[in-house]
């Protein structure tokens, strides 16, 4: 009798994806983030579902409903903070996952990489809409400022913004539609993640050396299921420490003040995981230019397969490129810091320099250094 795992049409798919999947034997802990992102997504969908049972998407009651969840619902405070801080963990894992892809040249799998970039955009859109829902000051003004950026689009901009708002300002219609989209998008993310995996399993995983690993593959289970469990435990530990000891550490105090269209907060800023893009947006004095820079700061990831000039795949044996990669990482941390600072000297000039450096490294320096490394290796 054959094993049901290998014959049943449904179980067979799971088997080929998570059990008998041939996996390079030398993949490091940097390859754990895919499974961690899956865990984050499931956590966010489940906690979000329970929050949606008690939340009301009406401008008069939204803020009160969140307070009600925290005060009156059994473990409502836990569900709410798991959801809010779970988003932060999601983005930490996302950025590390993308960073791994850049470092080890995983972007040479075009379809997997491009679906991944689309996934990143979708998750960012979901997180932005979710931030609007508690209807605090930063929710309202964040929604107003970010949606208003679309008015920079020539000719149709203003009409587009009013169409998204459902009126002449961010109001009840906006909140209702954002709640609807925030509810549906995670399921679209889940579907895209499946397509992401589908394309990945067509080619097989990359590995730290960047070499073809067909001759040295081992089954995913039990080796990497056990390895992934370590990452899962560390993620849960970090999330629970954050939720139970300092749940508001990554939030904004302004969001504990109900939304007031007549009172603008002194410093409007998004959640910490968008600050690097926000800093790039602010560093360009022109509105349309800023919006384009904001979009291209993420869209530029799609250019990596085209800009890859090295004869080697990953950066494991390329010390010059490694240096540049870590300068880029430090630059992104600098941009994140600048995004949270007020628009005044010296932060303006630091932000502008960091933005220029970001695009210069990716578009010019990294491809040239890769060519130089080819020369040094007489290739």
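Cβ coordinates are placed from backbone N, Cα and C, and glycine is handled just like the others.
Lifted from Swiss-Prot, the feature list:
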BINDING   83, 182  heme b b562 binding site
BINDING   97, 196  heme b b566 binding site
BINDING   201  ubiquinone binding site
TRANSMEM  33-53  transmembrane segment
TRANSMEM  77-98  transmembrane segment
TRANSMEM  113-133  transmembrane segment
TRANSMEM  178-198  transmembrane segment
TRANSMEM  226-246  transmembrane segment
TRANSMEM  288-308  transmembrane segment
TRANSMEM  320-340  transmembrane segment
TRANSMEM  347-367  transmembrane segment
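Feature map: annotations from Swiss-Prot on the structure.
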| residue | record | CB count, 10 Å |
| --- | --- | --- |
| 83 | heme b b562 binding site | 21 |
| 97 | heme b b566 binding site | 20 |
| 182 | heme b b562 binding site | 21 |
| 196 | heme b b566 binding site | 21 |
| 201 | ubiquinone binding site | 14 |
Quick check: of the binding-site residues listed here (83, 97, 182), which one has the Cα closest to that of residue 201 (ubiquinone binding site)?
97
Quick one: Cα separation, residue 83 (heme b b562 binding site) versus residue 97 (heme b b566 binding site), in Å?
20
Is the transmembrane segment (288-308) in contact with the transmembrane segment (347-367), using at least 3 Cβ pairs under 8 Å (sequence separation of 6 or more) as the test?
yes
Intrachain residues whose Cβ lies under 8 Å of the transmembrane segment (178-198), provided they are six or more past its termini:
17, 37-38, 41, 44-45, 48, 52, 55, 57, 112, 115-116, 118-119, 122-123, 125-126, 129-130, 132-133, 143
Rounded to an integer, what is the Cα-Cα distance in Å between residue 182 (heme b b562 binding site) and residue 196 (heme b b566 binding site)?
21
Which one, 113-133, 226-246, 288-308, has the most C-beta pairs under 8 Å toward the transmembrane segment (77-98)?
226-246
Give residue numbers and ranges for long-range contacts of the transmembrane segment (113-133): same chain, 6 or more residues beyond its ends, CB-CB under 8 A.
48, 55, 57, 62, 66, 87, 90-91, 94, 98, 101, 106-107, 139-140, 142-143, 146, 174-175, 178-179, 181-182, 185-186, 188-189, 192-193, 195-196, 199, 270-271, 273-274, 298-299, 301-302, 304-305
Which three-state DSSP class does residue 83 (heme b b562 binding site) fall into?
helix
